[in-house]
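S.K.: There's a structure below that I have some questions on.
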Amino acid sequence: MPITKIHARSVYDSRGNPTVEVDVVTETGLHRAIVPSGASTGQHEAHELRDGDKTHWGGKGVLKAVENVNKTIAPAVIEENLDVKDQSKVDEFLKKLDGSANKSNLGANAILGVSLAIAKAGAAEKGVPLYAHISDLAGTKKPYVLPVPFQNVLNGGSHAGGRLAFQEFMIVPSAAPSFSEALRQGAEVYQKLKTLAKKKYGQSAGNVGDEGGVAPDIQTAEEALDLITEAIEQAGYTGKMKIAMDVASSEFYKADVKKYDLDFKNPDSDSSKWLTYEQLADLYKTLASKYPIVSIEDPFAEDDWEAWSYFYKTSDFQIVGDDLTVTNPLRIKKAIETKACNALLLKVNQIGTLTESIQAAKDSYADNWGVMVSHRSGETEDVTIADIAVGLRSGQIKTGAPARSERLAKLNQILRIEEELGNNAIYAGEKFRTSVNL
């Protein structure tokens, strides 16, 4: 069934920045995808094309990327008469059309929009939901696995004010019996946390960050973890709710001295207090002994390979690579070879096509890694990643707090999928790291 039209436009993400939306039209109708974007981006990511014209949107316009879809990609794809069900052929064609290693000619944001919209057209042509189409493309077994929602309830780092260095603190309702129960538990803890934050830090502490988490004026990780632990207790889930962190430590790594500055938001930070990677690793272990931490993302800087390997050898929780791996097959291969981490953070816009995202997950599974499908801080109402998490049996999804519609859109989509699948799906629960084998 041929594609009759491909059209891109500039729309807005959840931060009010422009992003690319792509419509693909076939006989089954109109299929639409919107591309997200990140705030703290890894330097090894596929190239997000921005206009750079400071007089419009502060240089963040995407009119070039939109034009690349409408003038270059659309006519070429339509002329090629590609089968929308054959995603790997579609994505291979898009990569060749761009011709660069990191999609910098046409823009990863242009290519991804087309890739995802065509995937939706492929699912429609097969008459199946998107998650089922993705499951076919990835060759995952059944039953479907519904992911544990890692909910980012408290923000620090580059996502917030205050001196708190670590970027995200997440609650992990892995002991819940189902996805819908997990979401309820998460929402209840989140409401308690908001109330507590306002009580302890003043009314403005209830204000939410880019991903829906609260961002009180917190100074240390212990202070943040104590607040979350208290919220879990008040909601009645002590012992049933775990915690995860995204440290995003590349943001406070001092490469010239190979140290980590936990006071990086202070211009007068005392360099004698900066930590070596061994000291930072000890801090993580101390925190994990005091709090129910099951997962740490980006504990070290993206090119501090030695630190990652050291930590991997000496700890037993999930170590997630995001800035380290940037969903890039070469970086994932290196991380596997150097034993740097044991889980991949999968962000489709870091690599730029659905096929490469699926391959990144499969490469990770092959080495017994976990895979966590992730949103970006600049999100939209597009819910594709919910279907990707279910289709890949990843068992874990990170898509913000149970607040702000662009975050809830994904979680609500998984609720619908749970309802639709009924007994044909299982909740990953405590086995989120190995759910692909369930």
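The backbone N, Cα and C atoms fix where each Cβ goes, and this holds for glycine too.
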S.K.: For the Mg(2+) site that Swiss-Prot gives with D246, E297, which of D226, D268, D270, D322 also belongs there?
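M.R.: Record check against Swiss-Prot: Mg(2+) site with D246, E297, extra candidate from D226, D268, D270, D322 is D322.
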S.K.: Using E211 (active site, proton donor) as the reference point, find which of the binding-site residues D322, S374, R376 has the shortest Cα-to-Cα distance to it.
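M.R.: Nearest listed residue in space: R376.
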S.K.: Enumerate the residues of the same chain, D246, E297, D322 excluded, that satisfy the criterion Cβ within 8 A of the mean position of the Cβ atoms of the recorded Mg(2+) site; list them in sequence order.
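M.R.: Other same-chain residues near the Mg(2+) site: Q167, E168, M245, V247, A248, I296, D298, V320, G321, D323, L345, S374, K398.
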S.K.: Rounded to the nearest angstrom, how far is the Cα of S374 (substrate binding site) from the Cα of K347 (active site, proton acceptor)?
M.R.: 5
S.K.: Could you measure between K398 (substrate binding site) and D246 (Mg(2+) binding site) for me? Cα positions, answer in whole angstrom.
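M.R.: If we compare the Cα positions of K398 (substrate binding site) and D246 (Mg(2+) binding site), the gap is 11 Å.
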